[in-house]
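Worksheet: one structure, shown below.
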């Protein structure tokens, strides 16, 4: 090309670009019945057996449906199962399924559940959530390849009756069946799509209120579109929900203010502060606790209870959540998060409250610290504090560092790593103190409490307490069918953990949202999937 | 014939009397070394001089302020967080402790904060942003200096060796450079940073790993030219050892190339550190660099714009000053611009 | 020419091979596996998952099969997206990045040429000063700061352009500007310096002496000869745009590979990091190869023999 033509072409191109730019000023706000929802991460999969993250859970729990679905106040509502019965010994569940259809028009039958569950448990699927089935008969043996998949304790009795056999009673089993690995899966669909099953929106079939469309497997947006085959389609009031991945919180806020997004996650004290008193603000409570684990294997000093208590007392949780995080998170009241479970109208955390475990008292902390150091025969400690490299993770380490270093002789260095690196380090015991979080899977305190039994793989600090183990084992075993005794076991377990300061709880995370007032009726649940558009409407 | 010479009359040649003839050959301008001359020309470049003073000011401020205990150890005051700039006696919006909230300017310094003055505001943990910015500037400058050090040692050595040895060694060394050039340097940095423990040390190392290439190329080209010149040839034939030639003859003649390129390396190093910190794999908290400050400030830019503006302006000023000074030096060293 | 090309392509392959090898072994040194929930998996399941990713074999075997697959454009399976081949991940996201990069390069360089040329022609006037200031600012203001400011003022405050996202030409404008600033500034500086030199040279004097018009001289002689060396900095500029795209795509939520690269780093998605590293190197190598060839074609002083300097 001759130079002159390059210059000419570029002049034309540039001027037309500017012209177009000037014309494009008409940004119109969407008045459609599709909700524009911000998602902060990509959708990794639509395979219900393989979904482990919150993004796929939020999508799948609206596009697919299990036997039961989550409902308000830690209850469950009928899903594909119209009703269910539990046997006296708590070991057999019988579900009566309604006549419903997949998005391809084929009926959803009990066989789809049997196949789906077997697929989730089968070792070759490599579902990272297969442990949730551990109470179902033979599930543990199957995952270790010691029993055939067909021996799983779930059987179809005709097309519309499902019988589940548990190896021991599990009072919270009803919550488990609302989760994605327990969803039905059509064998013919799995076979048809083969290894591409669930890798894009057309290689999947749906039985929930919405179908997923427009997901190529890697792109940054996808849509939940009304599923006409859904059994309760007439109750759906919206056309759909478009998820838009927006990882930069400030950009998301800009887009929200420009009316491009109907709902965004608010991040940080400033964004929350701006909306806190507005009608658009919604603080979604989460069954989540962030706590510190002290590595007793690497640092023997942490085996001293006074040192553990001193560290806990040095944290002003009120100040940290209010001033530093400022995002609606609550100061920790214990290990199990508040609002998760209650008995006779009294929250679990009230029954099991141990003040000294979550109190702030610097003077007392210094006293215990000196005492503890003397007992272990040390002048001081040099520790590193490991946490996520998220904004909240950095806030945590920076705040704790200043608080901890007020204890004489304690030197803290911070280490903030990406989530997966942090996880693998904490699991391999490569840390002194790690700040880690736990989100309850279902609304029962046991989802938290099993983590700190002596041999649990999430017990990274290796805190061991025989009494604690006993209480947890009783709740899961001999007292499983006795509500009161079981409750009491769990209360005692929590109290033991807090009195011994096995871990140091810091705060209970919340997820604040700004939601355009035209959107109504979106349900948030503190556990499991978290998000439900079944009753959502648009003005 | 030979006798004729003796027959010249005594007065055929007349001794010159006063030595005034020497004036004809006199060099009127004062004798200047190359560096002196360049300095003289640099002084005429106003923009470059201003840049130099700005840089000196920043360097003195960033390092000098470390003598003040409250800057060296920045305390957190969780009760005094996110306060906008307030300078006593100045009542300009933006510097009088007010900020826009819900469309109105309100005084943010209430309650605990009533008697506090943060000249450039405080951050989310109640740390003095002025002190943080100073520390961040210092860190950026330190990283720049260390990167420059590696640039000078590795880059110059590599360039001289490659150019001096020539032949196969040169070809081989140039192939390595070509291969390194065809990998985007940021990718190299990220890969290395993933491997090392995040921290200032690894950033410096990573910058050292990629930063010297340009220097090596320029030095090599210059060395190739120099090595065939007479003075080097003379030194060689007199049996001077190669490293001595390098130090005594090559380096002084390479100085302008090296200085100019260094001035361009520095802003690059500062930029890359800020960039890495911005995408979250730079210096770990609580250490502040200009990149982490911008990244933190960006999160609340809508509401607390000063938290991003201040480090961003400092960073840009540093880059501008280094770039202009670099340009000025290049012009000053360039013999073609000599008047 | 053929010989030269063959040689260059050989070096391209060699470079990619070295890069692949180094990246592979670097990644092997890093902690982390595709297991997100390691603690709760039975050893059998862990074994099976590793097997699916081919991580159960000895490292040298993994390396050989990785090389063999990489030749066919297969970079393994992503850790982050389950069952998603890295090659698909890259190919489905490379479009926006290429488009943005290309737009930024073309606009940046063309505007840079115009600015630089004006600066040189009107040397030491206000025009020159203005262009110098613009180019200094362009070099000095980091692309991420520029992107944030552009988004805030032109996206949110003035509502002139979409704030973020990717659906149409309008969405490309702000990110293109953010990315183009650096190439613009660099090429403006470069062209100005070159052109000042050229305008002082003897053949321009001769052209003037022959009575050629000013515009004719600038256009036919000065500009042309100043532009040829510009080709040599296209490679470095491409690196610049690639670097910038990592944050600019993130800030503007563009579904490109730059955004994916940062994302893969924070999620320890090693296969994707490796795949993208190789793709970035490949793109840069191709740009360098093309600019070299073009340079050889347009500059009569350089004969392509495989030797330079």
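Every residue gets a Cβ built from N, Cα and C, even glycine.
Within the set C:160-185, C:186-211, the record from TrEMBL flags C:160-185 under the feature transmembrane segment. At the 8 Å Cβ threshold, with sequence separation of at least 6, the transmembrane segment (C:160-185) comes into contact with the transmembrane segment (C:98-121) through 3 or more pairs.
Counting Cβ pairs closer than 8 Å and at least 6 residues apart in sequence, the transmembrane segment (C:98-121) and the transmembrane segment (C:227-253) reach three or more and so form a contact. For the transmembrane segment (C:9-27), same-chain residues at least 6 beyond its ends with a Cβ under 8 Å from one of its own Cβ atoms are 63, 66-67, 70, 270, 273-274, 277-278, 281-282, 285-286, 289.
Nonlocal intrachain contacts for the transmembrane segment (C:273-298), taken as residues 6+ away from its ends with a CB within less than 8 angstroms of a stretch CB, comprise 4-5, 8-9, 12, 15-16, 19-20, 23-24, 27, 70, 75-76, 86-87, 89-90, 94, 228, 231-232, 234-235, 238-239, 242, 257, 260-261, 264-265, 304.
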